[in-house]
Amino acid sequence: MSNVTLVTTFFLSGLPHPPALDTMLFAIFLMIYILTVLGNLLILMVIRMESHLHTPMYYFLTNLSFIDMWFSTVTVPKMLMTLVSTEGGAISFHSCVAQFYSFHFLGSTECFLYTVMSYDRYLAISYPLRYSSMMSGTVCALLAAGTWLTGSLHSAVQTSLIFHLPYCGPNQIQHYFCDGPPILKLACADTSAIEMVIFVNIGVVASGCFFLISLSYVSIVCSILRIRTSEGRHRAFQTCASHCIVVLCFFVPCVFIYLRPGSRDTVDAVVTVFYTVLTPLLNPVVYTLRNKEVKKALLKLKDKTASPQ
C-alpha cells in the first residue's frame with residue numbers, strides 16, 4: 001500500500017435523472033431549500049418573540065428547526081451544484097469527511113431529539129399538574145444538550161470507522177452527498193466488518209429511539225382516552241399528530257436506507273431526498289398549519305409588522 005496514491009478528491013454523481021431535467025430540478029430544489037430555511041427561521045423568530053411560546057415543547061421545537069435548517073444546508077447546495085455544472089460534483093477528501101460528519105451529527109441529533117419531544121408530550125398529557133416542575137428549564141437544557149452531545153459522539157464513531165480506510169482507486173461517489181454506503185464501495189480494503197459495526201450502530205440508535213417514541217405514544221394514547229371531555233381529547237390528539245407525521249417521514253426512509261441488506265444506488269438516492277430535502281420543509285409546514293398557538297403568534301407578528309408605529 002505504500003506505493004499506492006490515495007484519493008484526494010471525490011466526484012459526486014448527483015441525483016439520478018435525465019439531463020434534460022437539470023434546469024427544472026434545480027429550480028424545484030432551490031425553491032424547496034429557500035422555503036426550508038425561511039420557514040425554520042420564521043419558527044425560530046416567532047418562538048423567540050412570543051413569550052407565551054416559551055414552554056418546553058417550543059424550546060425543543062426551536063432545536064428541531066435549527067437542526068433542520070442546517071441538515072438541509074449540509075446536502076442541498078452541493079446537490080444544486082451537481083445540477084448546473086459537470087465540475088460541481090467535485091469535493092475534496094476533507095470536505096467529504098466534514099459533510100459526512102455534519103450530516104450524521106445533525107441526523108442522529110434529530111433522531112434523539114424526536115425521542116425527547118415524545119417524552120415531553122408524554123409528561124405534558126399524563127402529568128399535567130406536575131409537568132412544569134418535571135420539565136423545568138434546567139431539565140430541558142440538559143435533555144437538549146444530551147441530544148447534541150450524543151449525536152456528536154455517534155457521528156464521530158461512524159466518521160472515524162469509514163474514513164480511516166484507504167481510498168486509492170475509483171473516486172466516483174454514486175450519490176449527491178458523501179454518505180456511508182456509497183463511500184464504502186470505493187474503499188481499497190475489506191469493509192465487511194466496518195459495514196456490520198455501522199449497521200449495528202445505526203440499528204441500535206434508530207430502533208432504540210423508535211421503541212422509546214412508540215412507548216411514549218402508547219402511554220399518551222392511554223392517557224388521552226382517560227380525558228373526559230371530547231375537546232380535551234381532540235386537542236391532545238392534534239398536538240401529538242404533528243409530531244407523529246414528522247417522525248414517520250424521518251424514520252421510514254432512514255430505516256429503508258441504512259437497515260436493509262444490500263444497497264441500490266439509484267433507489268437510495270431518490271429515497272434519501274425525502275428525509276434530507278422534504279422532511280426539513282415539513283417541520284415548519286406541519287408545526288404552523290396544524291398548530292393554533294403558532295398560527296396565532298404568526299398573525300400577531302403580522303399585525304405588529306403591518307401596524308404603523
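Placed from the backbone N, Cα and C atoms, the Cβ positions cover glycine too.
Nobody curates TrEMBL annotations by hand; they come from automatic prediction.
Straight from TrEMBL, the features:
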TRANSMEM  26-47  transmembrane segment
DOMAIN    39-287  domain 'G-protein coupled receptors family 1 profile'
TRANSMEM  59-80  transmembrane segment
TRANSMEM  100-119  transmembrane segment
TRANSMEM  131-151  transmembrane segment
TRANSMEM  198-225  transmembrane segment
TRANSMEM  237-259  transmembrane segment
TRANSMEM  271-289  transmembrane segment
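Sequence-distant neighbours of the transmembrane segment (59-80) (same chain, 6+ residues past either end, Cβ-Cβ under 8 Å): 12, 14-15, 26, 29-30, 32-33, 36-37, 40-41, 43-44, 47-48, 88-89, 91, 99, 102-103, 106-107, 109-110, 113, 116-117, 120, 140, 143-144, 147, 176-177, 276-277, 279-281, 283-284, 287. Across the domain 'G-protein coupled receptors family 1 profile' (39-287), the prediction's mean pLDDT works out to 87.
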